[in-house]
Structure formats: structure tokens, C-alpha cells
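Per Swiss-Prot, the features are:
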type     : residues       : note
SIGNAL   : 1-29           : signal peptide
BINDING  : His435, His439 : Zn(2+) binding site
ACT_SITE : Glu436         : active site
REGION   : 562-594        : region 'Disordered'
Amino acid sequence: MSFQQRIQHHPIAWACVIAGLSYSSYSQAACEIQDLQPARDLPAQIAVATQACYNSWFYAPTATLDNLYSEASLAHLQTVLDAEIARYTGEAQQARRLENYGEFIRAAYYVRYNAGREPYSQALSQRFAQSIDRFLRHPHAFDQGREQVGAMKSLSLMVDNVKQLPLTMDAMILALHRFNRETAQDTQWVDGLNNLFRAMSGHVGNSEFYRYLAANTQHIDTLYRFALDNEWALETDAEFLVYNALRETGRLLISPDAITKQKARHVMRQVIARYPLGSKHDKLWLAAVEMLHYYAPEVLQQLGIDLDAAKRDLAARILPNRFECQGPAIIRSQDLSDAQAAQACDVLDKKEQDFHQVANTGLAPVADDYNTRVEVVVFANNSSYVNYSSFLFGNTTDNGGQYLEGNPADQNNQARFVAYRYANDADLSILNLEHEYTHYLDARFNQYGSFSDNLAHGHIVWWLEGFAEYMHYKQGYQAAVKLISQGKLSLSDVFATTYSNDTNRIYRWGYLAVRFMLEKHPQDVESLLALSRTGQFDQWAQSVKLLGERYNTEFSAWLDTLQRDNPDNPDNPDNPDNPDNPDNPEQPNPEPNAVTQLAANSSLTLTGKAYSEHLFYVDVPEYSREFHVQISGEGDADLYMSYQQVAHYYDYQVTEFTYGSNEQITFKPEQNGYIKPGRYYLSVTGRADYSAVILNTHLVTEQPNEQPTIKDDLAPVLLEAGNSQSLTVHRQRYVAIYVPKGVSEVQVWLTASEQNRGNVDLFAAKAYWPTREQFEHASTGAGSHEYLRIPVTQEGYVHFSLNAQQLGDTVEMVAYFD
């Protein structure tokens, strides 16, 4: 979930930061997606782009697939990319061009995937992979430097976009030999190496990848040796590289090739023996056990590992603190004191009271909901969250926390949300605490049934996420209001949002739609909630469509009003940059120690005397990949920074000061690859007089190449004969069933949900994981009702693939033996 802090503006502070400060902004190259449309020489325009334009490339409208992102356009760009690689000598300007080309190409693949279009041709994707391979074998490919690393990261990450890892894996494996104690200091560079493991994870179920590995099983030996040789890295910020090497080796257990599986099983056994639970690096044990549990559970039985007991022991050790609130929350934490837990209870209690008033619930839960208590699980930091949460609770961890509703109709169900702290000081610092708690309350008092029931007919994501954002921010969500200036969405479009859309549309535009409806049409909200509280989600969707059409014009005008009233709007008389503001133009007595917001990816020019101090802060949202602050100029200025507290030259957390005014502070990502979200304060202080010192902030927020918030769990589900299994399929799911001796036939039924809104096809094979292209048995009728009869002659697994080319569905799957 996105995390922003409310920004308070002071007119004087914004009029003039301190005496002696001059401000200038640097215009960016015309590289937004709309700027590229009329370009006569598209590659040349891309080459000079700035990183600030990347998001617009990834969020480009679908129409760009017919021009900027057409196959012909990308084919031409591939030849340009090849030529740029051929003349690459490691210079920063060249590297910047390579990164720009890489990001544009990746954006094209991302937009095409999300639009549901047919993929680009395999020939084009293979040519891109060959270009990447040429780059990775280039003598300057792994040079260290900000621009050079940017090029390496972008091009190596493209492997997963084009899904051609067999053509580049040799070079990517070879690159691991460059990892050492010196190169490990640059975690961005290390993250570029980690793109091998991102690609391996992204190639699950890819038959070409498994055939390649079957012919190159020496790579499994190389990965295990890499992990053993670099155990020292487990004590550093680069530990994720070793961890992922072993984890992705374990995922190869899914391969249909017997030797590949045998080698992967051997490595997992070795890892379990070397890093037992309770030892210093037991997260490697967890990774191995998790992979075996999904793909080779018989090995766990052979080793005598009791998963339930292991989870209980681990939870007791990692989450030793338990505190019951007066309300429904039970707080289990890694490091919260009782006083802090009580403070969290107070926050949740106030949020619950506010919730019931806003949603007008009458304190009555929906029918058949037994989630009377909710566990609030709080890990000490993101690292612990990533290491342990998935094993203990089964959630994904590439996020800022997650609500796990379970089945509310089950009286033995335990609802919980898992979260982590972004700072370990006296403050609570629990990321998304109020947002996730609102999900619990909304599900219990406003939404009948389970999460999949809520989503069955669509047109509800705007409420689920927008309402949680509204309850957290109320009228103070400036990041959402600022988004309006980038182009308005119609209310109908916002209402149609799905979890496959980008985070801005899901959270910020969802917030705007919810706020509009609550402020302008509360009676309509009451009517909608009456439907959702009784499980009438089909009627909800139909009503929402009509409301969108009815209020589109009014919503657009309301957005204009919000924008005019926004303090950051230059037309607002309260904005200090507005010449009509009475506090501007020439404020003779500026506030000397004002702490002023500094926008990400902006520049200031500073001038000051010795011992003068300029104070700023930068808000870093969740899902930020890169963040650094730099000064350069004449004289002697120093840069000091702190996280979550004002920085001064005499009180700071980090500095890289040296003689002169050329300094840079770079913040390293946490284990999940993201910068810790929150407010970063900085001080520019004169050791001597200085002038023309440029202060620059560089922030790369979540690139939309990441998987959508809601995505398929690609871990195979183990089916038992006679037991029905409910599965939600967005694009692809895997299921396996073990057939014992004496069985001659397996009969399998796939039954759609009552709504039967999608089309899920069923594929089966005995010796490998089937795909739509390669299978032994298939049922591909219209809708999601499928049936297979599979003859068997020996014991072993039968593998199934549930595949939806366009719209997925929730299905019930059951199998019987004859």
C-alpha cells in the first residue's frame, strides 16, 4: 500500500527558505509519452530523456501500441540499441542512452501485457535478448558508476520482460563471478545481478526455460557454489543475492526434467542441513523448506520436518510479544513494548470509531462473518517481514503490508494483517497501520462474503482501496490532489479500476472517487453499501456503472475545485509562488530555520555564508527503488541527512562530507529492493562561504514492471482426491495430484463460480507442467466448466495448468480416482 505523510505548507517558508537562498528549477527534456508522439526521430528523443519521464512511458495509453509501441517501432529501436551497445565505452552519457532505451522497451512490453494484447513476436523478443546478451558480454557492461549501473540494471531486467532467459542465462551466470566484497558495497549494482533471479522466477512454467536447464544442469552446481563461496555476504546489505540464488534453485523443483529436479532436491537438502532453524542464517532453511513444501513435499516427509511445529517455534521466537486491545485487535509483535502496543490500540480504537461514523454501520457486522478478532502482526523491520512473514502466514512480501481475511464464514478462521515498522524508535512507525485496519473493518461491516466474492463482478476496487486511503488521510491526501494536474480520469474510468491498473489509479484516484461520493452523494454510498452488505455484488457493479455516467461531469468540475484549492496550485492566492500572495514578493524577514519540502527529482541553487544552514525534507513513498541527494558547486558546503528527524550539522545520522561542495548521499534499498519509506531530512551547511551550489534529489519510485498488486500465486496447489479446492485464476495457476498405485483413471471437474464471468481452460500432463502450447490432455470449452478423463498406468503426480487468456474466474476443482 502506498505511504505518504501529510504535508503542511507555510506561506512564508515557501516564499523564501532562508536569507541568501536563490532558487532555480531546471526544465526537463520533452520526453513524456505525449511529447514523443510527434517526434520525427523517436530514438533520438528517447536518448536524451530524463528518468522523470519513465513513469509516463509505463503508464502510456493503450493507443500507443499502434504507434510508439508498435512492433515496427520497437524493431527499429532494437537496431538502434544494437548500434549503441557496439560503440559503448563505459562513458556516463552513453550509459544514460542505454538505460533510456531499455526502460522504453520494457515499458512497451508492460503496456502491451496489461492491455491484454497478443505478445510481441518471438522473433522480436529473441532479437532483444541477443542484444542484451551482447551487452552483458561487453567489457564495460558491469562498470560501476550511477549511469553505468543504471544501464546494466535496465537491460538485464529486460530479460524478464521479453521472456528469453535461455538466450542470456550463460552470460548472467558468468556475471556472478564479479561479485566480491568490493562490488557488494554498491547495492544498486548488486541488484542488477539479482535480475537473473527475477528472471528465473518470472520463467516459472516456461517450457523453453526448462529445456534449456535440462541441457545445462551445471548452472545448478554453479548457483550452489556461488552461495557457499559468498556466505560472508549474509552479514551485509547484499545478502539478498545469496538468498535468492538458493531460493530460485529450489524453484527448479517444478521442472519436468528428472535430473534438474534431482539436483535441485540435493541442494535443498544441503541447505536444510547447513542452516538449521534457529541458527544465525535460518532464513535459508525457510527458503529451502518453502520450496520443498510447494514442489517436493515428499522430501520434507523423508527428512521428518513438521511444518506446523516449525511455524509455531519460529513464531514464538520472532513474535514473542502479545498484547490484547480492548477492541477486536490482538497485537503480536517482534519488538513493540507494552506501552507502544497500547498506543497502537488507541490508534486502532479511534480509527474504528471514525469508521463506524463515516460508514454508518450501526455497529452491525454483515451476516455470516465470524471475524470478531483480528491479529495485527508487526515485524520489527522490512527485512524480518520479508524473511519470515511468507513462511508463517503465506502472504506475499513485495508490498507494505497485507490484510489476510481468510474465510469469514468459518468460525475457526483467524483474520490478520501483517505489517512492519519503518523505524525502531519510540514512535510506532508501523507502515499502513490505519489503511490495513480499515480493510478489516470494511470487510467485516460492509462486505458480505470473502475477498473473491467482493471482486466477482468488478467495479469495486475503487472503493476497497480508495476507502482505506480516505480513512487514513481524509481531506489531507495532497499526493492524490496533485495527481489531477497530470490529467483527469472520468468517474466511470475510476469506477472500472481493477488490481491490474497502476498504483496511482488504484489508490489515489480511488481515494478521489470515494471522497467525491462521500462528500457530494452520501445517500448513493448508503445505497451501495446496502448492496455489498447483503452480497449483491452484481447489483453493486450495475449501480456503480450508472452512477459513473450520471456524475462524470460533476466529478470533473469537483476535481477542478480541488485543484484550485490545493496550496501547491500556482493560481491559488495562498501559494507563495503566486505574485498576488500578500506574503510574497519580497519577504524581508524570512523564517531563518524553516524546514521546507523539497520535491523529488528537483534542483535548487543555494548561496550561503559560513555556518549558515538550509533545512529541507523529502518524502520518500513506498516502492521507491533509488534515492540519493547530491550537492555540487563552489566554496565549501556540507550535506547532512537524517531519517524521520530534522537534520543539522551538529545532529545527523549520515553524511559524506569532504572539502569543497561536491558530496552525495545514497540510500541503499532494503532486502525487498525498495528504499525505506518515510520522511528524509537534510541540511546544507556552510563550512565556509559557498555559491552556486546545486542541490539535487534523485528518486525513482516503483517502476510498473513489477507484478500487479493482485496476481496469481504460481506455487502449485496440492489436490487430494474427493476434496474440492477453490481457486481464483487471473491468468495462470498450477495444481498437482498424487496418484497412488492401483488407480487406472483420474477424472477431473472444473466448475465455475455462480457468476461464470470468465473463461478458464484446463490442461494436464503426467511428466511435466503443461502449458497452453504443450500438454497431454486439454479441456477448453467456453466458460470455466471443464472436464478431463486421464488414464494412468503408474503411481506419481499428474500436473495441471489452469489458464485464462483474457478474463479469469473463481473455480472449484475436484478429482476422483477409478
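Placement of Cβ uses the backbone N, Cα and C atoms for every residue, glycine included.
Features per Swiss-Prot, on structure.
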{"residue": "His435", "record": "Zn(2+) binding site", "Cβ within 10 Å": "26"}
{"residue": "Glu436", "record": "active site", "Cβ within 10 Å": "24"}
{"residue": "His439", "record": "Zn(2+) binding site", "Cβ within 10 Å": "26"}
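Under DSSP, Glu436 (active site) is assigned to a helix (H, G or I) in the three-state scheme.
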